[in-house]
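According to Swiss-Prot, the features are:
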- 1-22: signal peptide (SIGNAL)
- 53-68: disulfide bond (DISULFID)
- 60-72: disulfide bond (DISULFID)
- 67-81: disulfide bond (DISULFID)
């Protein structure tokens, strides 16, 4: 009877120590999971909602009109984004 009690206590102790180790390991791996997931969501929304344009004086596709200035000057199949002066 005494040996059975010692074995039960030993098993309970080992189980408790394993649970404590697993909980601290999981806590270290998931630092602020809600903040991280909302940051990932924000990044994915930024990628889908923003359209990048080609800067002035950079090469562009005359058929696509992807210039920030809105004007791609055709240079024989390859275009250059027009430089538009800013209004002061």
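Heads up, the Cβ atoms here are built off N, Cα and C, so glycines get one too.
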Taking only the Cα atoms, work out how far residue 81 (disulfide bond) lies from residue 53 (disulfide bond), in Å, as a whole number.
10
What is the interatomic distance between the Cα atoms of residue 67 (disulfide bond) and residue 53 (disulfide bond), given in whole Å?
5
Give me the CA-CA distance between residue 60 (disulfide bond) and residue 68 (disulfide bond), in Å, as a whole number.
10
Whole-number answer please: how many Å between the C-alpha atoms of residue 53 (disulfide bond) and residue 72 (disulfide bond)?
11
Fewest other Cβ atoms within 10 Å: which of the disulfide-bonded residues 53, 60, 81 wins that one? Let me know.
53
DSSP on residue 60 (disulfide bond), three-state: which is it?
strand
State which of the following disulfide-bonded residues has the fewest other Cβ atoms within 10 Å around its Cβ: 67, 68.
68
